[in-house]
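Asker: Before we start, here is the structure in question, set down as structure tokens.
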Amino acid sequence: MVYDFKAEIVKAKNSGSAKSGSHHWLLQRVTGIILALCSVWLIYFTLTNKNNDINIIMLWELKKPFNVVALLITVVISLYHAMLGMRVVIEDYISYHKLRNTLIIIVQLFCIVTIVAFVVALFYKG
């Protein structure tokens, strides 16, 4: 009995890397480093703020441009980092292609809608 190894090699060559893994890996690490730095600011902001009233925090602390920009960066980068991580988990553990693609689209839409809602809530002057 002769086994055809050529067919197995062709299958392996055609299902290779899409060459996007290193870029994705780098983005995940960069967003993680940015989140670590933003976490230091967020902890400092939380511990130094003695006001328990959210209205006072919104009126005084979030009027400072640095705090607004830092909070915006923290939320946007954390959602982007979560989107990258969830995509990897979905791609690794969901084998059914239609379900995998649907879940990736749902996660991306959720992150985009959440970012837009946060920006609108942050800058809404109502």
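Cβ coordinates come from backbone N, Cα and C, glycine included.
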Asker: Please check, using only what Swiss-Prot records about topology, whether M58 lies on the same side of the membrane as H97.
Answerer: no
Asker: Give the residue from the binding-site residues H81, Y93 that has the most other Cβ atoms within 10 Å of its Cβ, counting over every protein chain displayed.
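Answerer: Of the binding-site residues H81, Y93, the highest Cβ count within 10 Å belongs to H81.
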Asker: Taking a Cβ cut-off under 8 Å, which residues six or more beyond the ends of the transmembrane segment (69-90) line up next to it in the same chain?
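Answerer: Tertiary neighbours of the transmembrane segment (69-90) are 24, 27-28, 31-32, 34-35, 38-39, 41-42, 45, 62, 100, 103-104, 107-108, 111, 114-115, 118-119, 122.
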